[in-house]
Structures are given as C-alpha cells and as structure tokens.
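Enquirer: Take a look at what TrEMBL says about it:
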{"type": "DOMAIN", "residues": "71-247", "note": "domain 'Fido'"}
{"type": "ACT_SITE", "residues": "H185", "note": "active site"}
{"type": "BINDING", "residues": "D189, Y190, N191, G192, R193, V194, S195, R196", "note": "ATP binding site"}
Amino acid sequence: MEAMITQRSSDLGLRTPGRDAVEAGLLIDEPLLHCAVVAGHPQPGLLFGKEEWAGYLDARAYARGRSDQGLSVAFITDLHRRLAQFSFPDIGGKFCTGTRTGLTRTQLTRDEVAAIEANPYLEHMPPGTVPLHMKYSAIAYRTKPEAIESELQAMCDRYNSARARPGADPYRLAADLQRDCVAIHPFVDYNGRVSRLLMNWSLERDGLPPSTFSDFNRDLFSTSDQWTGSVREGSDMVGERIARLERLGENADPVEVFGLERERASYLAGNERLALEDGDSHRMSEYRAFLQRLRDDAPP
C-alpha cells in the first residue's frame, strides 16, 4: 500500500507539498482540506486513511493513462475496483443489488426538488415517506440492479457520441458524465468518487484542468446547466492553483497555493487547535464552522 502511494505519487508528479495538496483537493471535501492546510497537516491526502489515498492515486493514474481511449463499462468498473482495492476489496468493480436510497439530511428547496424530479435516474421521496424521518427527504435511485450494466453502456455510448461531435462543450460533457454516473449509482460505495474521476478524466483529455467543488453533494440537486457551470468554475479554480504553484516554485507553501493566508494568520493567533487524525471520521459541518470562525477573527 505504501509502495503504491509512492509509485503513483511519482506517476502523477506529486513531488512537493503544494502539488500533493492540490491533488488531495480532488478527493477530500473542501472544508476538511482547507482546515488541514491551515493547520499545517503534512499530507492532507492521508486524512481519509492510507487505504483510501492509495486506492485513489492508483485509480487516478490509471485514468490519466487512458486519456486516448473512449469511455466503456469495463473502464468504469476497473476504476471502481482500484478505488476500493485496499479499503473494501469485496465490493470493488461489482454492481450493487437491492433497493438504493440516499437520505438528504437537509431540507431541500423547491428548486432542488425540481432538479431531482427532472433527473430520469432519480425519484424524490418526500419527508414522512415510510421509513423516512418527518424532517428529511430522500433520493431513490430508479435504475434496477439488473439494468445497471445496460444503463452504464447507454451512458458510455451517449458520451462517446457527444464528444465526437464538432464543437462539443467539454465542460458539459464532463458535467453530464459525472452527474449521470452518480445518479445511476451502480456500486455499493464510491459512486461519488468514481463519477468525479470520470469527470476529471474527461476534462484532462480535452486539455483542461480537473475540477473540484466546495460541496461534493450538489451534483444531484443541480440542473445540467447549473452543474456545467459548477464544473467550469471548479476547473478554473484548480487551474489557478496550478498556476500559483508554477509561479511560486517547487517550495510553494500550500497556504499560498490555496489563498488561505488570512485563515492561517487567524489560526496561529488564536488558541483553538484542530486534532486531525488520518483515517478518522470527519464532520464537514464542524470544519465549515471552524473556518468561518477563523475568517470572522482574521485581521482585515
């Protein structure tokens, strides 16, 4: 596992803390990553655990090596198998069975409900639907287990055909691919991760920076147009970080690369400290609140 991290880090050009942190930002939720950078964590990529980082790096390097090939179901299942190989090898590359639902855990707006209901792969379950809590709704994934492979094949055909058309928008291609994959929800776990790997594979094969988001969970609550805009903004943001890396040099401080100087100054001046444990369970709401306190206390 450690050998895999070393080898794939080399394959991906992760030679410095700055480059390592930028790559970690494609895997780790932004609030946690920003807290890690502000707190001076030496390797943010390890925050989900060595198993998760090793699997991610292997899948990412594998995807980058296939930039000249089209999308296929075999490619998708291979990516998933690599993602899960150290953490949950029994589920790697295997389609799930049974009913699949996802609790929203927040009260949805009317527009968010409309986005879910407009998605052919999803069904909105209102609050109070058995066995849901009266406060929260859920998403039901429509694709039957026996139809998962055929739905993925249709998605691949649709993507490959769209990309072959002159003037295809690379951001929409990547956004629709990611959103469709996570909505089909073919696997027990890592659906979000494998869908974002596909998104970044698509962007990079069109010569664009990969993308990331302030909230990974917005994909299914957004329309195609909204999500295309988010993918474009995220790609521009990662491109800016890469440009800062080039400008600042190989010894660039991740704090500068991510533009977190004010938060870092506030962190050093205050008494509150973060205990970030690699592989621990992480509550993003707490990290968002912590970052907001740092910003509120930061000097002008």
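Just so you know, the numbers here start at 1 and follow the chain as drawn.
Note: Cβ is positioned from N, Cα and C throughout, glycine not excepted.
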Enquirer: Do any of N191, R193, S195, R196 (binding-site residues) have a CA within 10 A of H185 (active site), and if so which?
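Expert: Final answer, ordered: N191, S195.
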Enquirer: Other residues with Cβ within 8 Å of the Cβ centroid of D189, Y190, N191, G192, R193, V194, S195, R196 at the ATP site?
Expert: H80, L83, C181, V182, F187, L197
Enquirer: Report the mean pLDDT of the predicted model across the domain 'Fido' (71-247), rounded to a whole number.
Expert: 94
Enquirer: Going along the chain, which residues six or more apart from Y190 (ATP binding site) have their CB under 8 A from its CB?
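Expert: Expected: H80, L83, A84.
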Enquirer: With an 8 Å cut-off on Cβ-Cβ distance and a minimum sequence separation of at least 6, pull the same-chain contacts of N191 (ATP binding site), or say none.
Expert: C181, V182, H185
Enquirer: Under 8 Å Cβ to Cβ from D189 (ATP binding site), same chain, six or more residues apart: give me those in sequence order, or none if nothing qualifies.
Expert: A84, F88, I91
Enquirer: What is the total of other Cβ atoms whose distance to the Cβ of G192 (ATP binding site) is within 10 Å?
Expert: 16
Enquirer: Just how many other Cβ atoms lie inside 10 Å of the Cβ on R196 (ATP binding site)?
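Expert: Summing over all protein chains shown, R196 (ATP binding site) has 24 other Cβ atoms within 10 Å.
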